[in-house]
Number of protein chains: 2
Amino acid sequence: MDGGITNLTTEERTNCQRLTPLTTANLLDSVDAFLFDCDGVIWKGDALIDGVSDTLDTLRALGKKLVFVTNNSTKSRRQYAKKFHSVGISVSEDEIFSSSFAAAMYLKVIDFPKEKKVYVIGEEGIGEELQLAGFTSLGGPEDGKKTVQLRPNYLFEHDKSVGAVVVGLDQYINYYKLQYATLCIRENPGCLFIATNRDAVGHLTDLQEWPGAGCMVAAVCGSTQKEPIVVGKPSTFLMEFLLKKFNIPTSRMCMVGDRLDTDILFGQNAGCRTLLVLSGVTDISDLQDSKNHIRPEYFADKVSDIIRFIQ
Amino acid sequence: MDGGITNLTTEERTNCQRLTPLTTANLLDSVDAFLFDCDGVIWKGDALIDGVSDTLDTLRALGKKLVFVTNNSTKSRRQYAKKFHSVGISVSEDEIFSSSFAAAMYLKVIDFPKEKKVYVIGEEGIGEELQLAGFTSLGGPEDGKKTVQLRPNYLFEHDKSVGAVVVGLDQYINYYKLQYATLCIRENPGCLFIATNRDAVGHLTDLQEWPGAGCMVAAVCGSTQKEPIVVGKPSTFLMEFLLKKFNIPTSRMCMVGDRLDTDILFGQNAGCRTLLVLSGVTDISDLQDSKNHIRPEYFADKVSDIIRFIQ
């Protein structure tokens, strides 16, 4: 069967059933690959969520393909594999699809000229993925401590060969980086504005949420009055990339996530089955809120519920 | 004649004539007060624009009231009066309406409780105006060098008595301030989100433009997914405040500015006459661009054109 983005019926999309022995059997039968979000699903901050390790082992034993899809752009795939290892889970780089990797792959797919440069607002992950893909980047961590001088006759110079600005989560966001990105986008002809994702907040620590890439991306929208190309969830760019890699139709993939507006919407946009877990930012009242129009096919307290009912 | 926000006819609004001896005489006859934007009109960075001093003297001699309306929130009215003095123009604090002052006046007008605090993303001006109006502020310059620690068990604490967040231009924007503001707006019940203005960029130096308050405001919109109350141009809050102070109808005021989307729109929203000067961010091609739907009543190269034709 050819891989492709497929459409589920409205009923399949809006059922929203809790995982039970019956629905779990149904889900496992109908799915060949599980796509997992990481923050709030696999871990919270640095703490592994209860039962994750056994769940992944069991799914692998059942022959399911596993893919870890994260909007967090601060790490590269290599750094993510290390993080998985540090929490006791063995995952290969090839199974990881981070938005930092997505940004680099986007530039590759569009044949972004190798002689042009990429300015980065973001952390290590983006620069590392760009380099692995053969691109030259500047900005990012190296501009974390730079300041500006607002005095007469001072000209803030920027590199005219920058042809793309990639914006992701950056805890070292500053005015220097904002001015640099703004000048590139406003003044370099045809300069692309790429956002790893637009998550408003994220569980950067286990105890609370922090401003996400959506904050930095909005700042650049505010100064440039331009809208970005988004490569992370809920954009389907990553899914199209996955489809070329695997030979599985999206209707036989299940997106597992803790966010309605990125994970579940991403899964639905791509025609995947969807499972919301309540171990992250969404609780049952958010799900059942009448203002919420994004309804997953299934929901469960946490990922380990997937194997709870297997005999 | 009672003061009030009046409406001009469509013809008066869309004429868009260059100042000539005839149109200047007409303008001077029909106006009792001139409202001047500062950056790009009075000065550019720290350099006074040619002929400004004589123009202001002549208009005062003709009995016109002068008001200086600026979206730049980095200074207080006191600091602005000092800046005017430093470039050789004598202006009293009472003639200055900065967006920092507007933020403080907004809180006063709505009877914001004095026991609540105000968190500031912005520079000195906002804190100083808040203090003069009797409010307690935190954040601003004192948080300019603060950093965050994204480690397990670290809880970023914020003051639960913050009832309003004011966001303005801040060249010391950082992740600490963004998290602080985001927590107040998301977690303190009823916390207000006030923007001094939403200018995308501004001439913070004479040689180029820099991200404006619109950049910081958008960042906070991005992390909170809330929209702010705007007190600077083009919001009419300042105009309503002016109307209470002067006994002049808005149709006998002329707004002079260099920006179509803030100054001219502000003037039009309030029912003022409008004069665009081409000494700042807008050039003749922007004005004549078919995509531009904001057309001032008059335009001129610079403010001194107002007195050029007076015999």
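Yeah, the Cβs are placed from backbone N, Cα and C, and that goes for glycine too.
Taken from TrEMBL, the feature active site, nucleophile covers A:Asp37. Within its own chain, A:Asp37 (active site, nucleophile) has A:Val69, A:Thr70, A:Asn71, A:Lys233, A:Met255, A:Val256, A:Gly257, A:Asp258, A:Arg259, A:Thr262, A:Asp263, A:Gly280 as residues 6 or more apart in sequence whose C-beta sits under 8 angstroms from its own.
Under DSSP, A:Asp37 (active site, nucleophile) is assigned to coil, being neither helix nor strand in the three-state scheme. Residues or ranges marked as Mg(2+) binding site in TrEMBL: A:Asp37, A:Asp39, A:Asp258.
Under 8 Å, Cβ to Cβ, and six or more positions away along its own chain, A:Asp39 (Mg(2+) binding site) finds A:Thr70, A:Asn72, A:Gly202, A:His203, A:Asp258, A:Gly280. What TrEMBL lists as active site, proton donor is A:Asp39.
For the recorded site, A:Lys233 (substrate binding site), the DSSP three-state label reads coil. Annotation source TrEMBL lists substrate binding site at A:Lys233.
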Residues close to Mg(2+) site centre defined by A:Asp37, A:Asp39, A:Asp258, Cβ within 8 Å: A:Cys38, A:Gly40, A:Val41, A:Ile42, A:Thr70, A:His203, A:Gly257, A:Arg259, A:Asp263, A:Val277, A:Gly280, A:Val281
Residue with minimal Cβ packing [other Cβ atoms within 10 Å] among the binding-site residues A:Lys233, A:Asp258: A:Asp258
Per DSSP, three-state class assigned to A:Asp258 (Mg(2+) binding site): coil
